[in-house]
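A.B. asks: According to TrEMBL, the protein carries these features:
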type	residues	note
COMPBIAS	328-340	compositional bias 'Low complexity'
DOMAIN	1-99	domain 'DH'
DOMAIN	128-222	domain 'PH'
DOMAIN	256-315	domain 'FYVE-type'
DOMAIN	369-467	domain 'PH'
REGION	321-340	region 'Disordered'
Amino acid sequence: FLVFTTYIGHYDRSMSLLEDSCRASPAFAAIVHQFEQQSPAGGKVSLKHQLLQVIVRVAQYRMLLTDYLNNLSPDSKEYKDTQAAVAVVSDIADQTNDSLKHGENLLRLVNIEYSVRGLRDLLQPGRVFVKEGTMMKVSRKSRQPRHLFLMNDVLLYTYPQQDGKYRLKNTLPLTGLTVSKPIVENVQNALKIEGTDISITLSASSFIEREDWFYTLSRTVTEHARGSVAFNSCLGEARDRLRLILGEKAPTLVPVSQVMMCMNCTSDFSLTLRRHHCHGCGRIVCRSCSRNRYPLKYMKDRMAKVCDRCYSELKKRGGEASAVSGKSSPRPNRSSRPLSAVFQNMHPPNIWRHRKGTASFTPVTVSEEGSISGTLQRSKTSKRNWKRLWFLLRDKVLYTYRVQEEKVASESLPLLGFTVKLPDQLGTEEEANVFQLYHKNTLYYSFKAKDNYTAQRWVNAMEEATVL
């Protein structure tokens, strides 16, 4: 397996050399093209995609061995050897995440392709994982769980199976996809997804989860319609290119009808909290997130309203001298201003800060409503691969954030039907802080708290969330 370590470590550089060689030598490019035409699978398969399959195979080894280990009895002769093999393969797969430019996204797509039966060729150039979660399908007779995997170009509509995997029902291209929040009798938190030949009505487990899905789907569909290859922070190169032209070129404005909350702080729009377009990036934000103005080149250096993020970026590049903040701009004589201008310059900070705060979460202990939040380490497979994240448990749903400051959860997991267990063997003091989440006797996640007291509080809260 050391060969894989070397291969992964040099993969990005090798791909750059391959591209440079094809550009520099037409004869070499012709040989590569001829080789790609001879794919055993039929049709043209790019050489880069074939070379990537070597790394994909390592991730598949880890998932196969983990499944095999979960089906072995601890008394089996092969148990310890399989455990050791999982640890070795996991270390190599983790290097993929650390060494490759988009390693985390690659491993996520490989894991989805392995977990969803009936799914093929998920790995495509430019495809980026966005979000996944479970909601209930609304039908006349019953409610059935449906698990959604959202990418930057397709939505996978699946249903969970007893062994913890999923069966694919539909693959919905984002082109032409619409999302709405219908009012359905006897259905709370309804979300409707409509494609060219399909219409699905789902019910989220909470208002927060429904708004999260609506916002993320709307934003992803908009980004896809605009032809953006990069999404969020997964492809930094395209985002850097957008920063270079920020203020120099008129942005594509996000349609007002597709946005129901601020694309910066996620506050809900209403009659009093109005929508404002940022003239820098084109996103729709609230008043609190668009108080600043900045001279934009494409507007012949006229002052224009920009969101907080664009203002910070423009100020870094152009300095503070040319920037004018809504809070510090000099006020003209009141008598010469129309009444509307007076109201526009009134900034009730306490009211607006309170409104903004409704969508963000602060650290809390177990409250009367059964909520708990805080930082935990999480592992999907081996105990060596821990990742520090921030979690919020509310309304029987576990929300995952990369950092506490994030306004929108990257994952949401309804805990109904799951089981919380402590490890069978507690060797060290550190292992006493570990607890595990199972689905149908299959290990789903392992968590590690900072101390035993915190771990026990999370276990108690999760156990309450797993039952009706």
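Yeah, the Cβs are placed from backbone N, Cα and C, and that goes for glycine too.
Unlike curated entries, TrEMBL annotations are predicted automatically.
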A.B. asks: For the domain 'FYVE-type' (256-315), what is the mean per-residue pLDDT, to the nearest integer?
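C.D. replies: In the predicted model, the domain 'FYVE-type' (256-315) has a mean pLDDT of 81.
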A.B. asks: Is the domain 'PH' (369-467) close to the domain 'DH' (1-99), in the sense of at least 3 CB pairs under 8 angstroms with a sequence gap of 6 or more?
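C.D. replies: Counting Cβ pairs under 8 Å, at least 3, so yes.
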A.B. asks: According to DSSP, how is the domain 'DH' (1-99) divided among helix, strand and coil residues?
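C.D. replies: Counting residues per DSSP class in the domain 'DH' (1-99), I get 79 helix, 0 strand, 20 coil.
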